[in-house]
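Features reported for this protein in TrEMBL:
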SIGNAL    1-24  signal peptide
DOMAIN    34-146  domain 'Inhibitor I9'
DOMAIN    172-665  domain 'Peptidase S8/S53'
ACT_SITE  Asp181  active site, charge relay system
ACT_SITE  His256  active site, charge relay system
ACT_SITE  Ser619  active site, charge relay system
DOMAIN    738-831  domain 'Subtilisin-like protease fibronectin type-III'
Amino acid sequence: MERIYGFQLMLVVCWGIFVGFTWCQDNADAVTAVYIVTLRQAPASHYYGDELRVNTEDFDHGASGGTTRLDTPRSISRRDGHNSSYIARVHDSLLRKVLRGESYLKLYSYHYLINGFAVLVSSQQAEKLSRRREVANVVLDYSVRTATTHTPQFLGLPQGAWAREGGYESAGDGIVIGFIDTGIDPTHPSFSDDLTKSPYPVPEHFSGICEVTKDFPSGSCNRKLIGARHFAASAITRGIFNASQDYASPFDGDGHGTHTASIAGGNHGIPVVVAGHHFGNASGMAPRSHIAVYKALYKSFGGFAADVVAAIDQAAQDGVDIISLSITPNRRPPGIATFFNPIDMALLSAVKAGIFVVQAAGNTGPSAKSMSSFSPWIFTVGAATHDRIYSNSIVLGNNLTISGVGLAPGTPMDTKYTLVSAIHALNDMAAVNDMYVGECQDASNLNQDLVRGNLLICSYSIRFVLGLSTIKQALLTATNLSAAGVVFYMDPFVIGFQLNPVPMTLPGIIIPSPDDSKIFLQYYNSSLERDGSTKKVVKFGAVASISGGLKANYSHSAPKIMYYSARGPDPEDSFLDDADILKPNLVAPGNFIWAAWSSLGTDSVEFMGEDFAMMSGTSMAAPHVAGLAALIKQKFPSFSPSAIGSALSTTASLYDKNGGPIMAQRAYTNPDVNQSPATPFDMGNGFVNSTASLDPGLIFDLSYDDYTSFLCGINGSAPVVLNYTGQSCGVSTISGIDLNLPSITIAKLNQSRVVQRTVTNIAENETYSIGWSAPYGVSLKVSPTRFSIAKGDRMVLTVSVNATMNSTVASYGRIGLFGHLGHVVNIPLSVIVKISYNTTNSQGAAD
């Protein structure tokens, strides 16, 4: 039998295991899967909301395996131990009644955001549970996966948002950002609380705790890192949890969680030193904010929804202000489950509790309909470039220059070194049948006399992508052989692979283009002299020098949308039902992001043992926005989550640094060649503008009831809404088109549609004029075209949209509100299917 932290599953009685398990068994019958069960009764947060805040007392520092509390009093909390224990007893009672005398393992009781539990049962037992009147839904657990030095400058924070609100010393003060990720390395200076002389009090509204384990000892938390827990029950029941590498604690054995947390809220001015080279100083977007970590993802297997929901539930109960999730489902739930899955519904309750929720769009681009989540209450972030790039080059003896990548020093100026390929430097003991010997992973295969003082040529194959071979090992080989540097050429089978810059201690370069690699090898091979009879190389004639890649260059074409960033519209089905919500909401820097790295992080072999790593993905984009949202929350404490999202969206930029349109990469291969202007389905409202978002002028607000009215408008959803929320769907429902979002998306425009949006003025009295550009095949009219609005007042805008032609090709327009005090409000308009009324040509289309 599998063990759970030393507890065997083969028990005859019920046990309460310290992570909240309840295990009951009377025989050794096998249980098959984890199910998430929700009950019809609404969760605690729906009944009490902020009334659940009660006085709490501090805990003493506990022993290993326990918990600790900081020694700062917290008088206000969302914790209600009596309520949670009562609900847990209700769950246990139900399980005993339904599964009387049968084997089952309860993993979690959820009570704050959703009322339910995760349980390990057979499919037959799950069916029994689903038939109970108390039970709303039974969902099979599913897997999820993980989806900076210069970006503060690129986003204009030092002279803009930070400066306006008192400098980086106060940016995000009092705001708690909760991270659902792979944990954190508490020893990293990005999370220290002693780097500033000013007081650093823990917010009174936060009541979280810090687990204490061997891997996460007492004192790991402080006034910066104020909460840390881990959730792994679902993973443990599957027998795939490896405590030695996954760490049964909040400690980050991967690196991903440490990276994302520091992007959002890491300390300001932390030196970035990698492979002995200094790359500047790092800062989070909200360096004065507080960090709470809820580890639910792990290096070896990713994570599971049951654990993620438990983490979200706890984060909300603890009192976080913002939740950042750099995770996406491994597969999108089908049908209306796109919205009604346990994670999204837990996040809806979090929004009801006033928490702003940010999620990575996913790295499944660049194809259309590659998004995973379309829930309008979640703020979804895609990935774009920023303007800092690292590049180096190699100058060949024939004066040809080839560009490449590599965070590496160059060879001495004006000195050219002989090029020697690993496959031509094999010693007599080398395994000649080893087809990978050219990857330079074993110095014992090579003749040091041939390599010493020369540039060693190594091949870069798919094995490097898979982690079977590494740059670090090739550099060690070159060092052991006293090579002057290393040149990697791209194996022709690695087609179009875009390589991240890799730190190198030696002069080095990776030629990422297969075509350039062919040119390089052609020069090298043509310069070889061979023995006429043996064909053995007797002289290496090719020479080259390497220019260093340690110095950053700055591009004027940034930002651009990365090829991997997931795109809209909604992939629900070919009929485009419920696809009237714009995703992503916007884009943020996500490519080549320097940020903190766990001291034991293994996610990137090339950065193992380093304090910082350069990573790319929508995982890096989401925490940028989480940190910027903290600045908005700090300035506008009463803002609802939708108001924060509106401030970010309506102020987003549509142009790159050069004043041209933001471009979007359209292909995995040669992405910079295959690009075109970005559409709203690529970038949402645009590229985040940190300074403008703090002064949006007008906001579009939404309430929890608006979201439930939208859910009630989905065909067949009424019983599901009742089950999850405890609310009955009334006669009045709204479609996604009618949600008061800062965008308008019409999946199917049948002749005409009238759309209304309500704006609220949070600035001084201002007069706005309205302009617009209509999507192709559509006529547009906005009323009024000009209005004056006092501070705190609202104005309803009416948008009339008419199809002028039949088309199934998406087209895009834009509505702009221009205030006389300088506020600009940007509303993207997207129309997919257009059906015009024309009795001669369009009768079939209109039917």
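Any Cβ shown, glycine's included, is placed from N, Cα and C.
All annotation found in TrEMBL is predicted automatically rather than curated by experts.
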*Whole-number Å value for how far His256 (active site, charge relay system) lies from Ser619 (active site, charge relay system) (Cα to Cα)*: 8
_For the domain 'Subtilisin-like protease fibronectin type-III' (738-831), residues assigned helix / strand / coil by DSSP_ = 1 helix, 63 strand, 30 coil
*Report the same-chain neighbours of His256 (active site, charge relay system): residues 6+ apart in sequence with Cβ closer than 8 Å to its Cβ, ordered by sequence.*
Thr146, Asp181, Thr182, Leu297, Ser326, Gly601, Asp603, Met615, Ser619
*Let me know how many other Cβ atoms fall within 10 Å of the Cβ of Ser619 (active site, charge relay system).*
30
*asked:* Limited to the domain 'Peptidase S8/S53' (172-665), I'd like the whole-number average of pLDDT.
replied: 90
